[in-house]
Amino acid sequence: MNAVSMTVIGAGSYGTALAIAFARNGHHVLLWGYNPQHVRELQIHRCNQAFLPDVQFPDNLSPEASLETAITASRNILIAVPSHVFHQVLYNIQPYLNQHSRIIWATKGLEHGTGRLLQEVAREILGDKIPLAIFSGPTFAKELAIGLPTAITVAASNAEFSEELQQLFHCDKSFRVYKNPDMIGVQLGGVIKNVIAIGAGISDGMGFGANARIALITRGLAEISRLGIAMGAELSTFMGMTGLGDLVLTCTDNQSRNRRFGILLGQGMDIEEAEKQIGQIVEGYLNTKEVRMLARRIGVEMPITEQIYHVLYSGKSVVEAANTLLSRTLKDEIHDKVCF
């Protein structure tokens, strides 16, 4: 078998889908999961019965239980784990990295407890010499895994790395890869859209209709853009795949856990029961606190995020939160050519 082109760390639905997509493109891929029993089941059944039971693994996708073997087998390490364990995963893989290693992640989140960008976390743990990149964009795991047409964006710490990843993983038949040099913007778009999607779900669960949903999406995009610009991101990034594209997808399609979680809250279900019914990690719930923390630290107003935070963490009712948003002081939509 050919040399390993990519090791994927994280055998959940999204990590598995990415591994399948890369393998389908002719690359030898290793897929590592933290649970040895789960990895053994992947090896036996040649599919991920827990998350993607109907999608068989290509022959060149190899589940791997040894973290050392997985990391040392390839220079390209793609991390696809929930954001709250991203920090620990980097610490775990760091001893096995070498001067040729390169780190990519598809995790959409901020560091738990600090609100830091994952780029900052990676630099702190891994140092300045290892190239870093992000895969982000409007993708649902199942559609990616079964080979439906999908587009994604890569942002990297240097142009050469970005170009190589684009060429490595682009597939004319189903998987289109765009480049974007704006690492900050690409990260923020992928994080905050999950928070806004909870709000869109709450609105739909309350029966507010399509008008309210699109208002939340539009003003949510304004919040993402405000914070991004304040942190040095490019406005154009938020008009692209990792901004507007990912936001619209996550706010409007019921494959989104964040949207479904919000719908349940809007229908009156409590948070614990809604989490249980979703059955998988809801990144927007985990990251609302961190996004609010980051916005307050930077000094950026994010009223939708603020109200979602109070619903999730302060016991505010969804009705009260909606009334608070609707009764805010009237203002201009456009300021300095930006939708603020």
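The backbone N, Cα and C atoms fix where each Cβ goes, glycine too.
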Quick one: which of Asp182, Asp246 does Swiss-Prot put in the sn-glycerol 3-phosphate site with Lys108, Gly137, Thr139, Lys193, Ser256, Arg257, Asn258?
Asp246
Of the candidates Ala73, Ala133, Ala141, Ala230, the one that Swiss-Prot places in the NADPH site of Ser13, Tyr14, Lys108, Arg257, Ile281, Glu283:
Ala141
Do you see any of the binding-site residues Gly137, Thr139, Asp246, Ser256 whose C-alpha is within 10 Å of Ile281 (NADPH binding site), and which ones?
none
Give me the CA-CA distance between Arg257 (NADPH binding site) and Lys193 (active site, proton acceptor), in Å, as a whole number.
12
Restricting the comparison to the binding-site residues Gly137, Thr139, Asp246, Ser256, Asn258, which residue's C-alpha is spatially nearest the C-alpha of Tyr14 (NADPH binding site)?
Thr139
In whole Å, how far is Glu283 (NADPH binding site) from Asp246 (sn-glycerol 3-phosphate binding site) when you measure between their Cα atoms?
14
Between Ser13 (NADPH binding site) and Gly137 (sn-glycerol 3-phosphate binding site), what is the CA-CA distance rounded to a whole number of Å?
16
